[in-house]
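**Q** Structure below; questions to follow.
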Amino acid sequence: MDHPEQEKKHRLRICVATCNRADYSKLAPIMFGIKAQPDIFDLEVVVLGSHLIDDYGNTFRMIEQDEFDIGSKLHTIVRGEDEAAMVESVGLALVKLPDVLQRLAPDILLVHGDRFDALALATAAALMNIRILHLEGGEVSGTIDDSIRHAISKLAHYHAVCTPSAERHLISMCEDHSHILLAGCPSYDKLLTAHQRDDYADIIKSWLGDVQEQDYIVALQHPVTTDIKNSVKIYELMLDALISFNKMALIVFPNIDAGSKEMVRVMRRKGVEQHPNFRAVKHVPFDQFIQLVAHAGCMIGNSSCGVREAGAFGTPVINLGTRQTGRETGENVLHVRDADTHNKIFHALELQFGKRYPCSKIYGDGNAVPRILKFMQGINLSEPLQKKFCFPPVKDCISQDIDHILETQSALAVDLGGTNLRVAIVSMKGKLVKKYIQLNPKTFEERIELILTMCKQAMADAVHLNCRILGVGVSTGGRVNPQDGVVLHSTKLINEWSSVNIRTPVSSALHLPVWVDNDGNCAALAERKFGHGNGVENFVTIITGTGIGGGIIQHNELIHGSTFCAAELGHIVVSLDGPECTCGSHGCIEAYSSGHALQREAKKLHDEDLLLVDGMSLNNKEQVNASHLINAAQYGNSKAESILRTAGTALGLGIVNILHMVNPSLVVLSGVLAKHYENQVRQVVSQRSLLSVKETKVMVSSLEDPALLGAASMVLDYTTRRTC
């Protein structure tokens, strides 16, 4: 057995250096994770920068309140709040850091972000041959922070990034792909459950007094060091607009960058600290601050919190000026880049205040910390410390099979059928990684609850299956408005499913973007991405099952129609006096060719004792269905054969009409009945269509599960467009 002294030597010594309130919010979740595994990690905490300044809230106290032992406190800020003071602060930090780093001798130094203090940390560690893990590199914001961030990335040996775009930027900067982890933002691990706290009303009251949820504004504006004069002007215009808007506002003091002193003077000249509608504060503990942001009517300013963390709650944000130019943002952010008038900012407040947006997970899915801890454990301390740069040609950002480097981008697919509710994790390549099936409940409330339960289980499993969930796609019967995520009219097979908003409850609960469409349209989308329709500009998919549906792809785009009723192909009339359809009309394709129609005909034959032939049997408890009719035809039952032939002819006539209307180059037959109709459909097309469309290809789908794959493709197609 090893001695305790020997065991201690094997622990990974991690030094976390934090400079200000903002970087601590990102580092704290990792610090808690490190502290929770004392047999693997040895945590050392170094505090410097504005944490130790009274004017900025002495925020080192919140680190102590979190029960972290601070090994070193370094006073590194030279006051002055101008460009020269920032440079002098970097120099002072470089003077003080070597003694601390030499004493601690960490295996890895964790450095966050793009602050000048962090640049000093990275410079000192690199020169002292200490491995550096840089958090949130590769991002683009549009100020001097960009230069500092990229400089730190060049000094760092390893990188944990938040978005695929940031990952690609680092690769383009010649960083080693195998040393980059696509982790997500660590603060999101806490954010995505933060809005569920029961005491948020007490937190709002403690900072803002008697004000209602979503009836106040959070304002946080920092100086832009490359354009101080303009950023101070924007700050003044923002305060004027807030005064005019006449809503309660929490004004958080700016950071310590050059220009902050001038901004504080503006604040005091405007009487902000005495104004009845304003509460001006130097610091709010992060766990309380995110509650204030989550329940605000709006957030305004240029803080990265607005374009990053606020998206986790769907809080409306007004981003002023150029400080965050280049950042990836959700739809909750309204940019006022040229914020040169009071009216522009006031109008933005009118547009955004009180709105709510779908929750965004661009910057994380809540599992960043486990990924980062696993990544650190995989760092080989015996490999050479000298960095290697991967010069052009730059590798494409392709998913690899190294689980701690890059996960499989995937979607959650949901299929609502008349009998079953199914959920699947689907990879970018169309692999059904894992599938879940339950009976579809009869009521709306039970159905939504089950969808959320199954999706949450799938999301938990996805972490262990090395899948990154990008969003949720829902396939359902009925007429759907995909723009709003609303089922307008349901089929008779699904109860309590008309005028139903699916997107909002699912997105709010899962913090993921949600897409919804009709099951026939989803079958067409599945063919376009994974099936015979891939690379085909114009084609039609017809899905044959309990009902008949489909989707039309024209010029590579799905056709929905003016009232979302396009491609109701099952209700093309092929006979004036045919059987009654479930829609109330007569002679529709669905009345002849659907599983429901075949079951009706099978029951008639069975009632007349004309269904079963030699080789077939049916017990008393077994319900007659379409499969019995098909079996009877296969055993030579002439009446069953005639019914199937009629059904195939009706479907073929409908397809002839489609060929004459939209002239596709391909027709894909999908669903359980497709193979039984294939030959008859081709024969009818050959006999009854115009010469110019006779050679149109008719193929049976090869896809395992078109509805789930189509639901997934809505997510995966959008993601591809957004990130490429």
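Note: Cβ is positioned from N, Cα and C throughout, glycine not excepted.
Below are the features listed in TrEMBL for this protein:
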- D519: active site (ACT_SITE)
- H571, C581, C583, C588: Zn(2+) binding site (BINDING)
- 40-376: domain 'UDP-N-acetylglucosamine 2-epimerase' (DOMAIN)
**Q** For the binding-site residues C583, C588, work out the Cβ neighbour count at 10 Å and name the residue with the minimum.
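**A** Lowest Cβ count within 10 Å among the binding-site residues (C583, C588) is C583.
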**Q** Within 10 Å of each Cβ, count the other Cβ atoms and name the one among the recorded positions D519, H571, C581 with the highest count.
**A** D519
**Q** Taking the mean position of the Cβ atoms of H571, C581, C583, C588 as the Zn(2+) site, which residues outside that list, in the same chain, have a Cβ no more than 8 Å away, listed in sequence order?
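**A** Neighbours within 8 Å of the Cβ centroid, excluding H571, C581, C583, C588: G570, V573, T582, G584, S585, I589, E590, A591.
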**Q** What's the CA to CA span in angstrom from D519 (active site) over to C588 (Zn(2+) binding site)?
**A** 19
